[in-house]
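Below is one structure, written out as C-alpha cells; the observations come after it.
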Amino acid sequence: MSLFKARDWWASVLGEGEEFDQGCLCVGDVDNSGSGYDKIVVGSFMGMLRIFSPHPAKPDEQTEADAQLLEVQLPDPIIQVEMGKFVSCSELLHLAVLHPRKLSVYAVSGTAGNVEHGDQYQLRLVYEHNLQRTACNMTYGPFGGVTGHHFICIQSMDGMLMFFEQETYAFGRFLPGFLLPGPLSYCIRTDSFITVSSIRQVECYRYETLAVATDADTRQDSDQQSKSSGKRLTADWTLVLGEEALDICVPNTSSAMSSIFVLGERNLFCVKDNGQIRFMKKLEFNPSCFLPYGSVSEGSTNILMCNHNNMLLVYQDVTLKWVAQLSCVPVAVRVANFPELKGLVVTLSSDGHLQCSYMGTDPSFFTAPKVDAREVNYDEVDTEMKMLQKVIREASKTQDILPRAETEEELTLTAIVSSHMDEVSCAVIPEMNGMPVPSVTVKFKIKNRGAVHSPKMTVCVQPPLGVTQDQFVLDSMGSGCELVVRFSAFLNGHYPPADLCGDIAVSYSSATGIPRVSQCKFNLPLRLVCYPSSAIKNAKYKITVDTNKPPVNLSEVFPDFSEKSENNDSSALGFQLITGSRVIVLASKTSQRYRIQSESFEDIWLVAKELVQRFDRHFASLGVKDFRNSFTGPIPLPEFFETVDHHFELRVNAQKYQDLLSERAVQFRAIQRRLLTRFKDKTPGPLQNLDTLMEGTYRQVIALADAAEDNRERLIQAFTRLRSATHLLILLLSLWQGLSSEQTAILEATLLPLLQDTPQLGWEESVDAAVSHLLKTCLSRSPKDQAISLSTGPLTIPKDTSRLKKHITLLCDRLGKGGRLSLSSEANVPTTVMMPVGCESIPGPIVEQEEEPPLQQESAKYIKKKQPSKKIKSKSDSSKESSREKKEKDSSKEKEAKVSSKESKRESAKESKEPSKDKESTREKESSKESGKEKTKVSRKSSVKVKEKKSEAGDS
C-alpha cells in the first residue's frame, strides 16, 4: 500500500463493454499541429478509434466533450495503433491502425472552427494493405538505415514477419522454431528486431539477415517465393529468460549503447544490444505494463512500471524511487506533454479507464468514521447478550454440516402404499418356486407452494426389488398445483431382499432458478415377499423376543396373514418367503415371550423387524406407553459369522477368477501373436499345434468368464443375505442393551457402511476399520487406553475373517458390559450393569490370547468395586470409622498400584511372585496396628490381589 496517491489531472471512461490491450494506446502530435503538445489515440477491440486532447478542467466547463477530438467506428477490431512517417511523399506523422487482416494508414487533419462549436477533425485513409495471415502485433522504424521515413513490420499469429516499405509490400520471413507469437520491438542502433520465442528466450534478428535469408518452410505463399531467396534465417544472438515476456521496449536514449528492456512475469531484464545482461530486477508483484524513458542521470534509465495492485512504481535502473496509488490496473502506460504541464503519465485499463495523472504528495490515509458518543444501557446489553447466547446454544445443538432451512419446502411429497396387492401383477417374473409374484401400487402425491420448473422424479428400491418405472420427467407446475404419480413395486430376483424401504427424490428448479432436491421414503408391505403358511414346531435357528406385557393374539397383530393361514392356531403363524425358507412365529401361552424360528438365519430378519414394529403400533393404539421389547440373549454370533465367511469366500473366489482370467488372456494373446507371425511368414511352416492350443485357451477363457459371472451373481445374493443378517444382529443388540435411537444409528453406520460391494472396497475391511475405531475411542477400556491418533491406512481385502470376528465379538462384549456408543471424543469407560435374566456374556473361544489378560483385569476391577461397598454397608458403626476405612482403602490402593507397576517390569513369573509376597507381608504388618475389622478387610483384599497376580503370571 502506497502512502501517496497519483493525482488526477484528467480522466475519462471510454464506452461500455469495450476491451483494450497494451497496443491500443499511443501519444503524439497526430494532427501535425506543431504546438509541441501531444494527443492521445486509443483504439478498442470493438473497432472504436478515439483521439483526445486533454486539458485541465475549469470549474464551470465540461472537460470530456471538449477534450475528445474524434471518434470513428471502424469495421474491424483494432489490435494496435502507432504514429510515424508512413507515407512516402510526406514527412508528416500519420496514424497506422492494425486490424486482424488489414493494415490501414490514416491522416488526421484539423480545421479551425468559426463558431462556438470549435475545431473540426477528420480521419482520411491514405492507403491500406490486406493481410494474407492473421496479425498479432507490429513495430516500426527506419529499417535498413533509411532517413525521413518509417517502415512497418507485422508479426502474424503463425510466426511470419511481414515487411512493408510504406505503400509497398517488401518481403516476408518465417521465424525458425516458431510456436506462439511474442512481443516484438525494433532497435535503431543495431538495425535489428527483438522478440521472445515460445522457448522463453530473447532472439535478435538483423534486418540485413532477414532481407537476404530464405525459409525452407512450406508455409510460404507462392507469390512470395520469388522474393524469398538466399540463406537460411538464423538469430544474431539469443538469451534464455526462463519465463514468459509481457513486453519489450528499446528506448532511444543513447547513440553509444542501446538497452533492451524485457518485462517478464516475475523479473525485469535489461540487456545490451549485443545480448549481454546489463542488470536484472526481481519483482515482488505481478506487473501489468511498463515504459522505459530517458533519465537526467548519465548512463541510467528511468522505468515506469504498473502492477495488478493498482500501483505505479518509478525505478532508476534497479532502484525504486517513487510509488503512487492508481485507481485501476493499467494495461498500457505512456508519458505525454500537454498544455500547462509536461511529463504527464497516461494510463489505460482493460475496461477503458483513460487517466492522465502526475505523482504528487497527497497522502491517502484511512480515517475511521466518527462513532456516535452515547451512554451504554447495561440492561439492554445484558438482555441482548442473553438472547445471543440462547441463539448460539440452539445452533450448537445440531451437528449438521449444512444449515437447516428455516422456510418450508416448496414441494410437499407424500407416498401412499396400497394396503392390498394388485389384482393383475406387474412383476417381470410372474412365478417363483411355484408361487405367483405379487405387486403393490404406490401412489405418490406432489404438492407445491410456489412455481416449480422441470421437475424430475427418481424412484430407488434395494435389489432384488424392482419398480415398473424408476424415472419420471414431469411438467412444470404453477403455484398451488398437485400432481399424482403411480407406479408398482415387485420382487425381481430369486432371493429375499434385505430392506423393504424405498426412496423417492424429486429434483427441480425454483422460480428464481435455484436447483433443489426433495426426498421422501416409503415402506413396502411384508406381503409383497411372502405368503401365509402352516407353522412347524422345529427349526434350525431360533430367536426369542421378550415383552413386558401379557401375550397377544398373533392374528390381531398380523390380520393380513391370519386370514389365509392354513391353521386357526392364534399362538403360531407361518410366513413362507417366495424366494426363501419358511419363518415361524410362536407365542408362549404362559410367559411373555415370542419365538421366531427358521431354517435360514438371515430370513428371520424381515419377520423379526415386522413383529417388533407391529407390537409397538399395536400397544400404542391401545394407549400403553410403557411397552418395551427386549432380548435376553445369547447373541447368535456363530450363525452370523457363517454368513460372513460365505460372503468372504465368494469375494476371494472372485479375485481368483480375475487373476486366472488375466493369465489366460495373456496366454491367448501370446498364441495369437505366434500364429500371426506364422501366417505372415513367406515360407510356410508347420503350426506346431498352436491352433489347438489357441482353441483350448479360448475355451478356458470362456469357461472362466462364465464362472466369474456366476460367482458375481452369487456374491450379490450373498451380500444381500449378509445385510439381512447384519440388520438382525443390530436389532438384537439394540433390544439386548436397550440402545437409544442415536446409538442404534451409530451401530448401523458401523456394521452397514456400504450399500453394495465393489472390487476396490468390500464389507469386511470397511466394517473392520469402523469397529476398530469404536473399540479405540468410545468403547475403550479406560481413558488411558483411548487412541489419541488413529491410523488411516488404505483399506484392502484381508487374508481371512479371524480379525474381523474378534473385533465384532469384542464390540458385543463391551456393549454387554455397559459400553456406550458415542461420536464424541471422550472415552466411555464400561460401567457395571445388572444383566437380564438368562443373559450370558459372549463366549470367548474366538478371542485371541492377546486380548484375554485385559478382560481378566476388567473382571477383577469389577470385583474390587463390589466387595468393599458390601463390607462398608455391613460393618460400618460410625462416621468416624467409615472415614478411617476410606483413608485405609486409598492408601492400600496406592500401595497396590506401586507394587503392580514394579512387578510388571519383571522378566519372569518367578521373580514377580516373590516381591508380591514380600510386599503383601509388609503391608499386613503395617495394617495389624489397626482394628480387627480393618485387618480382616485388608487381608481379604490382599488375597484377591495375590490370586490375580498369580493368574496373570501363569498366563504370561
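The backbone N, Cα and C atoms fix where each Cβ goes, glycine too.
Please treat TrEMBL annotations as automatic predictions, because they have not gone through curation.
Listed in TrEMBL:
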- 436-522: domain 'PTHB1 GAE' (DOMAIN)
- 525-632: domain 'PTHB1 platform' (DOMAIN)
- 634-737: domain 'PTHB1 hairpin' (DOMAIN)
- 840-956: region 'Disordered' (REGION)
- 862-873: compositional bias 'Basic residues' (COMPBIAS)
- 874-937: compositional bias 'Basic and acidic residues' (COMPBIAS)
- 945-956: compositional bias 'Basic and acidic residues' (COMPBIAS)
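For the domain 'PTHB1 GAE' (436-522), the model gives a mean pLDDT of 88. Residues in the domain 'PTHB1 GAE' (436-522) partition by DSSP class (helix H, G, I; strand E, B; coil) as 0 helix, 55 strand, 32 coil. Secondary structure by DSSP for the domain 'PTHB1 hairpin' (634-737): 92 helix, 0 strand, 12 coil. Taken residue by residue, the domain 'PTHB1 platform' (525-632) breaks down under DSSP into 29 helix, 31 strand, 48 coil.
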